[in-house]
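According to Swiss-Prot, the protein carries these features:
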type: DOMAIN; residues: 1-159; note: domain 'Obg'
type: DOMAIN; residues: 160-333; note: domain 'OBG-type G'
type: BINDING; residues: 166-173, 191-195, 212-215, 283-286, 314-316; note: GTP binding site
type: BINDING; residues: SER173, THR193; note: Mg(2+) binding site
Amino acid sequence: MKFVDEVKIHVKAGDGGDGAVAWRREKFIPRGGPAGGDGGNGGDVVLEVDPQLSTLLDYRYIREHKARNGEKGSGSDMNGKDGADLVLRVPPGTVVKDAATGEQLCDLGAAGERVVIAKGGRGGLGNMNFASSTNQAPRYAEDGTPGAERDLVLELKLLADVGIVGYPNAGKSTLISRISRARPKIADYPFTTLTPNLGVVGWRERSFVVADIPGLIEGAHAGAGLGHQFLRHVERCRVLIHLVEGANPEPGRAPRADLDAINAELAAYSDELAKKPQIVAVTKIDVPEARAAGVKLQKLLGRRKKPVPVHLVSAVTGEGLDALLDAVGRALFKEARPHRGGGGKKLAKPRARA
């Protein structure tokens, strides 16, 4: 399935039906009074969270969405039928913005959550409503009001507890495939991951959702590489695992420089991202060169005024993964006591996969 995380759509609620001008036409009542019914109300446009969805693909090619109009009133005091609501289903984590102003209208997260995003027009009153002692035969009725319409931007921000960030080819996809049942595409070249992947990780008697965020590069906050389209998914994460490639980085790159560069991109995108708790891990330590680079980074960051722990991990051999997951779990659940059991166990099924 293609992953689509931002779309622009136009929604139009149904118009209210017009009220009717009609008269009683019954035997033995030659001058029957007004009997025009009211018009029906127009249908609303409603957004509803569907937990089975993980992308906005359905709205990529269908941009116009209109609810039903209310029916007109008729004689014999009969009101028009209300127009049916139009329910648009969206995945959890959908943020809705007004396309013209950029104002955030709602943030939809809970399964089944509903919000009326465009209100249907009100049905007009029939002439029977305007009869009075001074005007017993009104020859007019009220028109229905038009339904609301607006342009919307739908943005999907993944609902994950933990985000895995780092340069392309840092080993993010391999890591998530080891600690969960997610099975992302893995290859030894940059930008293999073009869509975020979600996996559920079991830790002690709890679980949390991890997102493998596609690789970031310098300038990502301004749209370079895969751009800030994926940085938005990090915003909801409570904790970040920052992976640093220890083995064979590109010429001119080093683990410390990679770490600082990605942190600079997070800070440039949002102050809130820069403040999120991070667990730093050097990957691929099954390669001697990477292990040596990891030990060096441990010493560098350990000498800071506020020391930063660095985990050395190998997704190939599993070394260091238990300690890494313990650090993540404690950061998420604020548990200070060290875990005396095994590491993160796999659950039977990931929460979602794009």
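Positions of Cβ are set from backbone N, Cα and C atoms, glycine also.
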What whole-number Å value do you get for the CA-CA distance of GLY166 (GTP binding site) and SER173 (Mg(2+) binding site)?
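For GLY166 (GTP binding site) versus SER173 (Mg(2+) binding site), the Cα atoms are 11 Å apart.
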For a quick check of packing: other C-beta atoms within 10 Å of the C-beta of LYS284 (GTP binding site), how many?
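A 10 Å sphere around the Cβ of LYS284 (GTP binding site) contains 25 other Cβ atoms.
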Around LYS172 (GTP binding site), how many other C-beta atoms are within 10 angstroms of its C-beta?
29
List the Cα distance (Å, whole number) between PRO214 (GTP binding site) and SER173 (Mg(2+) binding site).
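Cα-Cα distance, PRO214 (GTP binding site) to SER173 (Mg(2+) binding site): 9 Å.
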If you average per-residue pLDDT over the domain 'Obg' (1-159), what number do you get?
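That region's mean pLDDT is 92.
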To the nearest Å, how far is the Cα of LYS284 (GTP binding site) from the Cα of SER173 (Mg(2+) binding site)?
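That comes out at 13 Å between the alpha carbons.
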Let me check the 10 A CB neighbour count of SER314 (GTP binding site). How many other CB atoms are there?
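Neighbour count, Cβ to Cβ under the 10 Å cut-off: 22.
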Taking the Cβ of ASN169 (GTP binding site) as the centre, count every other Cβ atom within 10 Å, in any protein chain shown.
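Taking all protein chains shown, ASN169 (GTP binding site) has 22 Cβ neighbours within 10 Å.
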Tell me, by DSSP, whether LYS172 (GTP binding site) is helix, strand or coil?
helix
Would you mind checking how many other C-beta atoms are within 10 angstroms of the C-beta on PRO214 (GTP binding site)?
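PRO214 (GTP binding site): 25 neighbouring Cβ atoms within 10 Å.
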